[in-house]
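Taken straight from Swiss-Prot:
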BINDING   Val30, Ala31, Thr32, Asp98, Ala99, Tyr100, Gly245, Pro246, Ser247, Lys248  UDP binding site
BINDING   Asp98, Asp101, His242  Mn(2+) binding site
DISULFID  Cys268-Cys271  disulfide bond
REGION    281-507  region 'Accessory region'
DISULFID  Cys554-Cys690  disulfide bond
BINDING   Arg590, Tyr648, Arg721  2-oxoglutarate binding site
BINDING   His659, Asp661, His711  Fe cation binding site
CARBOHYD  Asn689  N-linked glycosylation site
Amino acid sequence: MRVLPFLLPLIPVLLATTITDLPELVVVTVATENTDGLKRLLESAKAFDINIEVLGLGEKWNGGDTRIEQGGGQKIRILSDWIEKYKDASDTMIMFVDAYDVVFNADSTTILRKFFEHYSEKRLLFGAEPFCWPDQSLAPEYPIVEFGKRFLNSGLFMGYGPEMHKILKLKSVEDKDDDQLYYTMIYLDEKLRKELNMDLDSMSKIFQNLNGVIEDVELQFKEDGTPEAYNAAYNTKPLIVHGNGPSKSHLNYLGNYLGNRWNSQLGCRTCGLEVKESEEVPLIALNLFISKPIPFIEEVLQKIAEFDYPKEKIALYIYNNQPFSIKNIQDFLQKHGKSYYTKRVINGVTEIGDREARNEAIEWNKARNVEFAFLMDGDAYFSEPKVIKDLIQYSKTYDVGIIAPMIGQPGKLFTNFWGAIAANGYYARSEDYMAIVKGNRVGYWNVPFITSAVLFNKEKLEAMKDAYSYNKNLDPDMSMCKFARDNGHFLYIDNEKYYGFLIVSDEYAETVTEGKWHPEMWQIFENRELWEARYIHPGYHKIMEPEHVVDQACPDVYDFPLMSERFCEELIEEMEGFGRWSDGSNNDKRLAGGYENVPTRDIHMNQVGFERQWLYFMDTYVRPVQEKTFIGYYHQPVESNMMFVVRYKPEEQPSLRPHHDASTFSIDIALNKKGRDYEGGGVRYIRYNCTVPADEVGYAMMFPGRLTHLHEGLATTKGTRYIMVSFINP
């Protein structure tokens, strides 16, 4: 019988898939420290019921810094001592994996079946890579491979007991010798290579070394949502992934999914663990840094005061070098300072820079012997009072030492983490960044950069000495993260719940330097949520409920709450601080024709640079009320070229003669209080013989302009009355 040639390639596959008598697989690694990388390795193996024997824990590492130089011979020495018991174990397969930068994504059976499917004739198999490390001059001596990578990598290899014993015992090795060079020289010896029956997994059918090929290796999901690594260059799906050299950040990305961590159908597989709650409330440190002009610090401090954590269990560290925030800090400390366990405060002009302050805070925290330290910047606004409690519980439950709550600028994709990092050390967008930010993928994620708010447990806090000065060419937060990456400390971002947001402060410094008395007033575009909370009247949203009827003080004169008392007070202070009130005459150079028919003592919004903000405000908050009351009239966006604050004083201009406004409709907002700030005042609508006191601070009168509502401003008899006037849609 003749066998058709095209069927021959199928025979090994059929044989391999019917193998039932697989050898035992023993997995071993060498690790002198219990690092985050080792924990990840063990967790990924455990997910597939693989037990890894860890050798060398607690032993002093003498093998050099293998990230940047040759070394690692100590691993061979430790393995050589251990391998004795497998000298004659021809029915046992030994696998070695590096400890700190490897992730498993398959069980023992799958690994062994893949080995026998592709390498059944071999006794030793090493992973392959595109670089001839550590001695490039050896490249010509390597055997040519038909397809795939041709250079040996010693981070992942497997073989039968006797061959593993022999290769580890061939030569004596010093701790500082290079382990990869050791195996390379054996592989390049053709006699030894054949004797040991060695081969390389050149197409990454089992072992994937990432360095130099990260663009080829992507994340895919099976139909059931199970994650797998896919090598697009060779159309293979490697089972064990090694982040050798500078590819560790990419391994961290893949490691967020592989090892049965995240499933596209089921979500995070390691989340939702039973939270390790304890009645014991540990002493923690709370560190706040204000090192640039940031708006709404007052609100940030209020949220800090509302944190659901006993203040007597908090060591408080505050650093503020911004003059505009000094009073905010003083007010906060006066109200809450004595409640804290202890505190250190730097508030005002200081020679201590932001970088030095952060390093000092770390040491101050350690000296207080805290269990956790939470470092936050002034632009982190937390609406979730349990943020610290949650992070502490996650740190304990998930065994993560550095974790940040995900917060971002509202309505934008800018957040406090990077999903990837470019070759120059700056931001790069990861494939999953958008999904994490939008909440389409939820969990806790190992990322290369976190900032704005970070929790350290005690162990990591001890390791962070001078981390913010690790690289002074970088910003302090980038320096800390680089220190963490270079030293194997994983940085996690948690997006399992909504914690708050980042305050936008990019252009705030410019507003401050312009000499504004209350620069937050100009923040309606950048930080609308906080602006609204501070400056919109608390009763405004009630009137926008469908069933609510807006009050009419006179026919078609609607009276409703609009601005907070604080806004009214600050607007008055801004205008008085500006001080260039018109003289009340008909001559007005601010107007196009230079003539004002009904003059007042006033300052226009465009004079103080508030025109754009006020137009947006009216379109956002006034127009919806107009559409609810004057039904059938729509004009979006609203227009106005007459927006101004009027000042009435008995000795200056106490009243205003009857007139029509040059508008489709107008609003007048009372800015101060009758009986407290002035006497008299009010508005009389002549056609209806109806008078409105207009004395509720922050309330707006809205009425038609040109035709029906002839009105006059009644005399202010004592004090000073201020109103805000806008002629809308002239």
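Cβ coordinates are placed from backbone N, Cα and C, and glycine is handled just like the others.
This view paints the features noted in Swiss-Prot onto the structure.
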residue: Val30; record: UDP binding site; Cβ contacts under 8 Å, 6 or more apart: Val54, Leu55, Gly56, Gln74, Lys75, Ile78, Leu79, Ala99
residue: Asp98; record: Mn(2+) binding site; Cβ contacts under 8 Å, 6 or more apart: Thr29, Gly155, Leu156, His242, Asn244
residue: Gly245; record: UDP binding site; Cβ contacts under 8 Å, 6 or more apart: Arg67, Phe131, Trp133, Asn211, Gly212
residue: Cys271; record: disulfide bond; Cβ contacts under 8 Å, 6 or more apart: Val442, Gly443, Tyr444, Glu496
residue: Tyr648; record: 2-oxoglutarate binding site; Cβ contacts under 8 Å, 6 or more apart: Arg601, Pro654, Ser655, Leu656, Tyr678, Gly681, Gly713, Thr716, Thr720, Arg721, Tyr722, Ile723
residue: Asp661; record: Fe cation binding site; Cβ contacts under 8 Å, 6 or more apart: Gly705, Arg706, His709, Phe727
residue: Cys690; record: disulfide bond; Cβ contacts under 8 Å, 6 or more apart: Ala553, Cys554, Pro555, Val557, Arg684
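The Cα atom of Ser247 (UDP binding site) lies nearest to that of Asp101, taking the recorded positions Asp101, His659, Asn689 as the candidates.
Secondary structure from DSSP puts Gly245 (UDP binding site) in a helix.
Of the recorded residues, the residue listed as 'N-linked glycosylation site' and His711 (Fe cation binding site) place their C-alpha atoms 9 Å from one another.
Distance between Cα atoms for His659 (Fe cation binding site) and Arg590 (2-oxoglutarate binding site): 20 Å, as a whole number. Applying an 8 A CB threshold to same-chain residues 6+ apart, the list for His711 (Fe cation binding site) reads Pro658, His659, Val683, Arg684, Tyr685, Ile686, Phe703.
Look at Ala99 (UDP binding site): DSSP puts it in coil.
Of all the recorded positions given, namely Ala99, Cys554, the one with the smallest number of surrounding CB atoms inside 10 A is Cys554. Taking each of the binding-site residues His242, Arg590, His659 in turn and counting other Cβ atoms within 10 Å of its Cβ gives the largest count for His242. For the region 'Accessory region' (281-507), the model gives a mean pLDDT of 97. Per Cα geometry, Asp101 is the residue among the binding-site residues Thr32, Asp101, Arg590 nearest to Cys268 (disulfide bond). On the backbone, the CA of Asp101 (Mn(2+) binding site) and the CA of Thr32 (UDP binding site) stand 14 Å apart. Spacing of Thr32 (UDP binding site) relative to Arg590 (2-oxoglutarate binding site) is 77 Å (Cα to Cα, whole number).
Among the residues Val30, Ala31, Thr32, Asp98, Ala99, Tyr100, Gly245, Pro246, Ser247, Lys248 said to bind UDP, no two Cα atoms are farther apart than 22 Å. Secondary structure at Cys271 (disulfide bond), as computed by DSSP, is coil. The record assigns Arg590, Tyr648, Arg721 to the 2-oxoglutarate site; their largest pairwise CA distance measures 23 Å. Surrounding the centroid of the Cβ atoms of Asp98, Asp101, His242, where the record places Mn(2+), the chain contributes additional residues within 8 Å, namely Val97, Ala99, Tyr100, Val102, Gly155, Leu156, Asn209, Gly243, Asn244, Leu251.
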